[in-house]
Amino acid sequence: MIVLTIEEILKEVLNEIKPSKEDMEKLQLKANEIIDKIWEIVRENSYPILEVLLVGSSARNTNLKDDYDIDIFVLFDKSVSEDELEEIGLKIGTEAIKRLNGSYNINYASHPYVNGEVDGYEVDIVPCYKIDFGEKIISAVDRTPLHHKFLISRLNERLCDEVRLLKAFLKSLGLYGSDVKTKGFSGYLCELLILHYGSFINLLKEAQNWRIGKKIILKDIFEIYKDVDINKLKKFDEPFIVYDPVDLNRNVASPLSKDNFCRFIFYSRQFLKNPSIEFFKDYAKKLEEILENREHGYRLILKIPRENVVDDIIYPQMEKLQKSINKVIVKNEFVILNSKCFADDNYCYLYWEFLVYELPKIALREGPPVFEKERAERFLKKYGKVFIRDCKLFAYTEREYSHIIDLFKDIVNGNLQNISIPKYVNPRNGKIIELNSHGEHKQFNKECQ
């Protein structure tokens, strides 16, 4: 068996994940064609546009193979009202795509923008205000052109390839993406980390010294903001803090969960210890399959019809409901082995695995030593019939719930008042599904991916 060095592994990975020069040239030509069409529309209507800018990983040459999205930002003067920006922005975006015989729809971020397809390329045309470094943003997307301008002048070809390696590593681990479902690393965060540490391997090595609350302030910040005082920077109560060079009041790493922060540290260590190309090939998915191929406890799903709201709203509400239910489950002494939530277009799924589904109807309650008069009297008053063992008071009580299904039936029927019910994920609309076999569980997971 041939053992590859880290350098050989990374070279092989890069050959697999880096887009070809020909593909990048085709993308640039198509992006230029769309930008030319936008300027054509702007001139025809005398719209107050200051700049049209190609942004994102494709524009900065940090994209992975088969990731050829075209993100175009249309920059307005700050004197334009937000209503006018939205109206003109949508007119420009829809008309440009129509003239190129593409298809489109309207999506929403901090304000509406046009998402479409032109000759096989996914295209976003986003209106925003043109601002300078240090200026107050008007909408969240105003930062994006500055992100691009900050990075494009600092990322050379070598660093771009290092970013690609990091993205591929994170993608394989299931840690790439800052959406509410993934809670991982954004592409912009990847670029900043490589800029800060200089290479993929240096980043992995330095990550071994990270702890919760790790803070990164890029040296470039001091070049942009001459009078910045690090002691007066905004404080963040988050596991990983990377100050945005474009907006020092923003933590670029805020979407990253504590567990995913720790996963990155752990798997970075494993890769450095035992380098393998497998870390770049759906590693998390394979690991999950291994973990699933085991004996299981009792599993059930609470299946709730999904309201017509975006993931950014539905996932936090599912998590809030599951945490609230978990408190009730633990209070009733059932042991949770695993719990998670996910959603498709039609339903929200809250999943649990329990050590056992049924407990004895009788529970033993341990009280204080008999010598502690006041506590002993309170225990006696609460339980009535008590007995003494090893100088302590004990009592037998009847459990309110001896079967987990009975507890969930009361949740679905609305009989428990101490469940915090979010606006868009109501357990009273739910259906309890028991997963009795391993095959049934695997099929369910497949359907819900």
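Each Cβ is built from the backbone N, Cα and C atoms, and glycine gets one as well.
Since the structure is predicted, the reported quantities are computational estimates derived from the model, not experimental observations.
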Problem set entry | Of the candidates Tyr47, Tyr176, the one that Swiss-Prot places in the ATP site of Ser57, Arg60, His147, Lys167 | Tyr176
Exercise. What does Swiss-Prot list, out of Asp119, Asp124, Asp132, Asp142, as binding the same Mg(2+) as Asp69, Asp71?
Worked result: Asp124
Exercise. Among the binding-site residues Asp69, Asp124, which residue has its Cβ surrounded by the fewest other Cβ atoms within 10 Å?
Worked result: Asp69
Seminar exercise, completed: Same-chain residues at least 6 positions away from His147 (ATP binding site) with a Cβ under 8 Å from its Cβ, in sequence order, are Val55, Tyr188, Val246
Seminar exercise, completed: binding-site residues near Asp69 (Mg(2+) binding site): from Ser57, Arg60, Lys167, Tyr176, Cα within 10 Å gives Ser57
Exercise. If you draw a 10 Å sphere on the Cβ of Arg60 (ATP binding site), how many other Cβ atoms land inside?
Worked result: 21
For this session: Mind computing the max CA-CA distance among Ser57, Arg60, His147, Lys167, Tyr176, which the record assigns to CTP binding, rounded to whole Å?
Result: 19
Seminar exercise, completed: Per DSSP (helix/strand/coil reduction), Lys167 (ATP binding site) sits in helix
